[in-house]
Amino acid sequence: MYDVKKGFEVAKEIFAQYGVDVEGAMAICDSIPLSMHCWQGDDVGGFEKKEGGLTGGIQATGDYPGKARTAEELRADMEFAMQYIPGVKKVNLHASYLEADTFVDRNEIEPKHFEKWADWAVEKGIGLDFNPTYFSHPKSDNGTLSAADEDVRRFWIEHGIRCRRVGDYFYQRTGKPCVINHWTPDGDKEFPIDTLSPRLRMKDSYDQIFEATEDVQGVVDGIESKVFGIGAESYTVGSHEFCMGYVMSKKRDHIILTLDTGHFHPTEVVSAKLGAIFAFSDSLLLHVSRPVRWDSDHVVAIDDETKTIMEELVRLGKLQDTYIATDFFDASINRIAAWIIGLRNTRKAMLAALLQPVDLMKKAEADGDVTARLAMAQEFRASAFSLVWDYYCAEKNAGVGLDWLKDVKGYEASVLATR
Ligand SMILES: C[C@H](O)[C@H](O)[C@@H](O)C(=O)CO
Ligand SMILES: [Mn+2]
């Protein structure tokens, strides 16, 4: 192990030349909650007592051994991973991760089915986020909130209503706001003749969900768009235009847009959308993922787009107004390592962005010095941020560099291999 403190002192000197407050950047970075998605731990399986695989046009590929089979195992795995993820964390649950002795259908879920999750979160001092599960169900094959069949649509509206009540329960139990992400897979393999009616039905469904739960407190609702899903390539009811239109037309503080980095055309980037969204909205839910040619939900990388998103949020002064959640599911590698790599990368990109002299860059721009603007932006793409990152991880006891890897291998041999 190298002298982490010495490296940190050198980095501080480097950043001081540009007036960057390194300690301040670390403190901000540490305070921003990252919502850790539970579904990486079991390939989006969930714990409902029912048969049937993953549907909705998403896929977890790979069959790496050791996935969590019960909620207890999942909590243990998440706890293990969390040790190596510095900073404030929340846990993001799907409705399908309920705990009950018998099968509970989606239109019957209640807070009591999530009591053990809430007990655990309270014990750990973390907040809980939530997601209605509008997929992997026989009634989701021909649409959910946009279904033409009124009984089916009613079923899913009831699910949405019940999920907001679970969100209220999480808020009451943890004292921290619950961010609910509403994503529906509704779409068509071919081009429909009538592209409007399903959208009007979905709009009405969301209205009904929110109207029936006006009394709910401490819940923020993200509406997540998508460009396409597998098997629904030609038409998506909840497209970007639909979701953005819905959110903007509602003008309700708790209804915000969710931008998932995997949900756009391959040449479109979320980082380029942020400034425009914040011109009309005070807040946003971000799903950080890594699309490889499609919404493949690879583990978040410390790549250009992740870094650019964080830079943009810092430069806009909107980091604190953005709810940041991870969303990927890779079944081809150790699932705990997937969490650690993905969430560490998300946090690391955030720290790198916070360690930039934004005021100097803004001044160069305001002065019309576009040469200095480019020079500075490029210089800080590859700064000494990793020395600060190592120190931050050491301070938080989260493992420096690859320290965590041998521990994960140990957990794999002693725990995962027995499953
Ligand atoms: C499992 C999640 O609900 C899902 O990943 C959703 O957020 C999404 O992004 C679907 O593509
Ligand atoms: Mn998502």
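Keep in mind that glycine also has a Cβ here, set from the backbone N, Cα and C atoms.
Automatic prediction, not curation, is the source of TrEMBL annotations.
Quick look at what TrEMBL lists:
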| type | residues | note |
| --- | --- | --- |
| BINDING | His263, Asp295, Asp297 | Mn(2+) binding site |
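The DSSP secondary structure for His263 (Mn(2+) binding site) is coil. Note: the Mn(2+) site is recorded as His263, Asp295, Asp297; in the same chain, Ile58, Lys226, Asp260, Thr261, Gly262, Ser289, Pro291, Trp294, Ser296, Asp327 also have Cβ atoms within 8 Å of that site's Cβ centroid.
Cβ-based neighbour count (10 Å, all protein chains) for Asp295 (Mn(2+) binding site) stands at 24. Annotation note: Asp295 (Mn(2+) binding site) sits in a strand segment as assigned by DSSP.
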